[in-house]
Amino acid sequence: MTSQTFTTSSATPPTRGVVPDKPALEGLEVKWGKIWEDEQLYAFDATTVDSREQVFAIDTPPPTVSGHLHPGHVFSYTHTDTVARYQRMRGKKVFYPMGWDDNGLPTERRVQNYYGVRCDPSLPYDPDFTPPSKPNPKRQVPISRRNFVELCVELTAVDEKTFQDLWRAVGLSVDWNQLYTTISPESQRIAQLAFLRNYARGEAYLSDAPTLWDVTFSTAVAQAELEARDYPGAYHRLGFHRPNGEDVFIETTRPELLAACCALIAHPDDERYQHLFGTTVTTPLYGVEVPVLAHSAAEMDKGAGIAMCCTFGDLTDVAWWRELQLPTRTIIGRDGRILSETPQWIIDAGSAERYEAIAGKTTFTARKLVVEALVESGEMDGEPKPTQRKANFYEKGDKPLEIIGTRQWYIRNGGRDDDLRNALLERGRELEWVPEHMRHRYENWVEGLNGDWLISRQRFFGVPFPVWYPLGTDGEPDYDHPLLPDESALPVDPASQPPSGYQESQRGVAGGFIGDPDVMDTWATSSLTPQIVTGWERDADLFAKTFPMDFAPEAHDIIRTWVFSRVVRAHLENGMLPWKRAAISGFVTDPDRKKMSKSKGNTVVPTEIIDQFGADAVRWRAAMARPGMDSPFDKAQMKVGRRLAMKILNASKFVLGFGEGGQVCDITNPADLSMLAGLRELIAEATEAFDKFNYTAALEVCEQFFWTFCDDYLELIKERAYDSEGADNAGALSARTALRLALDVMLRLFAPFLPFVTEEVWSWWKDGSVHTSSWPTADEVPATGDVDLMSDVSAALVELRGVKSTHKVPMRTPILSARISAPASVIANLKAVESDLTKVSKTESLTFLTGGDKLVLEAELGEPPAKRKK
């Protein structure tokens, strides 16, 4: 773990016990961020922990630092921080690390575009290499793998600082001493160690099999990284030839794969084709004999009802190939082009010539050429029929995936093992989901898995597989007997280190070795974040006090990736869940509820909105986004949060301006006791909501109470609170004591949401930090008041103010006489605070009448006061 210190030259130590003349929100983030860092306010000290129950451990998602910052980052990470701050105030030792997911394909792509380079592993290392002064992403300079990795490390360091500056500005209470990266030596050690353990138990294996392949990035892709997108295509009706001269017509959107056809498949119950099962036909253009077979996955109502099986056009082809034990006929290479060498199953010269016409071409060009040849040969019936088909894409790619036979590493995840699948489904039921319905997304994903987890990538900046392969006397690698390092040697890099018992000079020669050339998918490392941060196989004491963790926040789009992969790894390695609960955030959309994207021009830069409105305003808006629900972004809403933060400053200054209060026993006035009774209920409601991880509900009740407190209670009692030398000394003391008690409690209730403004006000009159103070409990507040009293007073104030608003006169306008009629219980409450009520409403004569089922006011207004000079 590395420690990074936040420094600033503009922060000044706070002057405690002094209320500023003009409170302001500006500068609070820098001021308090510096102080919190200097005081190590949020640092976790395992030596102070006696038992696991004392700790609240958070598995924070390590953001992909090569990505673009957007409001969704701020919202979801703020949600986590409100929970962390609440748990800290409840007395928990909060273990709240932060990490950066800095390896993998997104980082490589950013480095390529930023520096105008590409990795060519065949090139030697150049210690004096300098990136182009004017990078051109379209003319990338080839560099060695080592040079490329160095640039990845260099750029991620810059990106990581940008993220860290944002998180500090937002006020995340993470422990920056626990900072980690997914490419650090320690993370590599953990990833390689877990892999070796998986391999030893038979949970990780190497297989040469059909693989989803992205031709742009030249790498394998896992099922969890797929996106099904609409893709324009056309159905082509092709005739396959029977020995008797009849044709069997199929319809396909991929005629370029005709040379890879190994069978025709129809449903066993389809009467149209039952007489063909067990016979053979020959393919158009290439004259290759293929069988006609039955399989229940064939769709009778799709196209002609009979389909050609090619290796491989889609995942259905893979299933048919595997279950019907069909031959492999590969014609597409890793670059997405038709293989140059004519396949051995294409025999006659004319067919070979037709294949040579498409050899080396992209699939798009090959499709066009094949269709032209089919038209010329008369083997295509009619014109192509345009259609929109669903195609699998890599989530970060822009071309449909191909399926190519390659050798890859896998980890078992239940995709082909019902017992393991059921065990992982049961883990999902053990897990507490916030909100609960998100569990169904997990279950749907696990139930829909069709293969094991492919974890190898044909890329460069990632965690290497700790594997070498011995070379036989013929120079061929023995993949069945890999060479593995001792755990104590980890981390290792097989590309630059020889295995034990070999010399570097034996690399790549007969009788020597080769290193596994691939790296682990970034999810294979980030799936181990619970183990990385808790000290698994590094710090037994820390691990015992923090694992399994308590809380795993994430967005709903990564349930299939990050949630599931961590459950898999912890189940296999630790025999348990990695954490007790998962909290799912929604997306932040634009005001039209469309997903924000750079290409649409509807993104917002988080630092700009923080600079404009302040961090507390942004945090308020974030907390108003309910768990699991998408939330539209609107800058106008930030103004509401800023207004709340500013009101806390000004109302606090106002309250503290009344002077010192007394003891709780000095609170005797019915209005004061009623307000505190409401506060007591608020504490219970906010606590219950937070205990259910419903931060939005907690904020809503706090804010509702606060505005009523300011608009009604403060206005009602301010004359009495000022009157410390008058006849009602006890009433003034009661008001001032109630005010300070309420302010104390409300600051603590708001602290998880608005950490900067609450800390600022706390420093005016309290020692220490509001964030290390205790969460309020109902026992702190008197329970003798009637909570309905202030509700009735608020209703009366609405009427008294309303009569002035109706007549469009200032609120300072006196009411000569007023009569309030209401039910007896309401009248009794109003009489109890008659003195405060007449003062605040400037009513000279107030009478009450019992009757009716609602409050009714009759009033006579006096002359409006003269306008005050500005």
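Count begins at 1; order follows the chain as displayed.
Glycine too: its Cβ is placed from the backbone N, Cα and C atoms.
According to Swiss-Prot, the protein has these features:
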BINDING   Lys598  ATP binding site
COMPBIAS  1-13  compositional bias 'Polar residues'
REGION    1-21  region 'Disordered'
REGION    479-505  region 'Disordered'
MOTIF     63-73  motif ''HIGH' region'
MOTIF     595-599  motif ''KMSKS' region'
**OP:** Grab the pLDDT values for the motif ''KMSKS' region' (595-599) and give me their mean, rounded.
**Re:** 63
**OP:** Using a Cβ-Cβ cut-off of under 8 Å, list the residues of the same chain that are 6+ residues beyond the ends of the region 'Disordered' (479-505) and lie near it.
**Re:** 145-146, 185, 188-189, 192-193, 196, 199, 206, 407, 463-470, 512-513, 515-517
Original post:
Of the residues in the region 'Disordered' (479-505), how many are helix, strand and coil by DSSP?
Top reply: 5 helix, 1 strand, 21 coil
**OP:** By DSSP assignment, list the helix, strand and coil residue numbers for the motif ''HIGH' region' (63-73), in that order.
**Re:** 3 helix, 1 strand, 7 coil
